[in-house]
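Enquirer: This is the structure I have questions about; it appears just below.
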Amino acid sequence: MKWHGDYPQGDSSQESDTTPADGPTQNVVEILVDPTQLAANGNGRELPVTHTYSEALDIVGQGWFHTVLLFVVGLCLMSVVNETINVGFIISAAECDLGLTFADKGLLNGAAFLGVVSSSYIWGFLSDTWGRRKVLLLASSGTLALSILSTFSPHVWVLIGTRFLVGVLVSGNAATSYAYLAEFHGEASRPKVITWAAMFMAIGLIFLPSLAWLVIPLEDRFELHLFGMRYAMWRIYLLLCSLELTLIIGGLLWLPESGKFLLTKGDTEKVLQILAKIYHYNQGKPEHTFPIKIIRLDAMDSGYADEVQRRSNLGLRYMWQQTVPLFRVPLLWHTLKASVLMFGLFAASSGLFLWLPDILNTYLQHKDMKLCDVIALMHANKTAKQSAVGPGATVDHCPIPINANIFMITSAMGVIFLACYILNGFIINLVGKKALLNSWYVVCGVCGIGVLWTSDFYLTLILIAAFISSGCLGGLVSAISVDLFPTNYRAMALCLILMTGRLGAMAGSNLIAYLLTYSCDLIFILFGGLLLDIIVEYLA
């Protein structure tokens, strides 16, 4: 076999017969080499061309691999919603089993959010040092184990503790998913797939009440005991909510580590192997035909690699160095403005949504009353019941009837939430980010306050749905916030802003627990007024 470095155009790749003057006829195979993959050095020899990572992504293209990647990352984001909000759908059913007070319900609703807030920084740091896939695997596996364990909680404080730890672990999915997805996509496809992945969170708001509608009303039909305790349907519901994590773990075991992350660590051989496999899955061609032999980071990403290395060397000191400037002039005002926006958003939307199933369970029995009058009645009934059985008492069978319609209503609100995501995507370029945010805040704030003056059941539901739909503005606030900070502080600023938002969800849930007992009207006055006041003070 003879390697021809220089060859004529046309049929030079075909096998030909040559007959040397001093010997018999020999078959010589001429190998055609793509000239775009070769470059001449000073000695006239041909060397492989070096490609950037972005160029390599263009060559592997889009296909089956990226479909699986989007599905797995979407489920990772959906798991964050599932594990932080699912408790809101069980507190009515678990009330008698665990002897829940309003204060207990507030703590239980906010426990997972507190876990997410307290660990977000750590997971972001581990993602940049250990790797995206490794963090997602660790977070998903730990969340699955603790979520299953939480279903056996014999006491409310055990359940609060385990749900807090679930929040700590599932925070790894929230902190890493977008980076993992984005690093397998080029500039052209990245914004689109991130938007699609975010929609899985809205799908979670449809999935949770739909699953509750199928499972929790079965309480009177089935009686299950495990390890000497009654394994109620609300426990089975929590268990089923976590089973999607098995799909995530299975998908992550099949998916590779982020090629860009490995490239920042200098592992070019591993990156080429990963890209060759993606090329095989997307293009249907053998891995050995992958044309790229040498790869390097893009010019912009080289600085990112240096930053990641510095982050790894400094450890927690890096977080301190990146956070302190956000609380100094001139960035201080931007940090406070964006944080207040996100805090109010999550406090109003997520805080109320967590209580919605419990409130609706009583409201459906008194449709001709104002919502706050129904909540006052709910509190009076609960106080009378606790006086009869004693504070903190539990019973073998929970006598509180669960109306299955509450889950259908909250599922419909999830559909509205998803529709708002889609609508924002269509009109954002027409009206602008700031104008769209202003409009939504005003509409949601007015609807929240309007709940106080209507006794019509369906109008009340519409106003509440519009009020909590403010939660779909989280991505819009993040997009606006990006423009407020220099490039080298944007990642830490967004992490801090989202942490503040989740802290708002926890604070909102606990504040509502207090106001349900003392003054329901203040719930809608405070949260509706908060949205309007934010617009007047910060975005006018």
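The first residue you see is number 1, and the count goes up from there.
Every residue gets a Cβ built from N, Cα and C, even glycine.
A TrEMBL annotation is a machine prediction, not a hand-curated record.
The annotation region 'Disordered' is assigned in TrEMBL to 1-25. The compositional bias 'Polar residues' feature in TrEMBL is assigned to 10-25. Feature annotation from TrEMBL assigns domain 'Major facilitator superfamily (MFS) profile' to 67-540. Residues or ranges marked as transmembrane segment in TrEMBL: 68-94, 106-126, 135-158, 164-181, 193-216, 236-255, 338-356, 406-428, 435-453, 459-482.
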Enquirer: In the same chain, who gets a Cβ under 8 Å from the transmembrane segment (164-181) while lying at least 6 residues past its ends?
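Expert: Contacts of the transmembrane segment (164-181) (Cβ under 8 Å, skipping residues fewer than 6 from its ends): 69-70, 73, 76-77, 79-80, 83-84, 111-116, 118-120, 123-124, 126-127, 132-133, 135-136, 138-140, 142-143, 146-147, 150, 193-194, 197, 248, 258, 495, 498.
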Enquirer: Contact between the transmembrane segment (435-453) and the transmembrane segment (236-255) is defined here as three or more C-beta pairs under 8 Å separated by at least 6 residues; is that satisfied?
Expert: no
Enquirer: Most CB pairs under 8 Å with the transmembrane segment (106-126): which of 135-158, 193-216, 406-428?
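Expert: It is 135-158, which has the most Cβ pairs under 8 Å.
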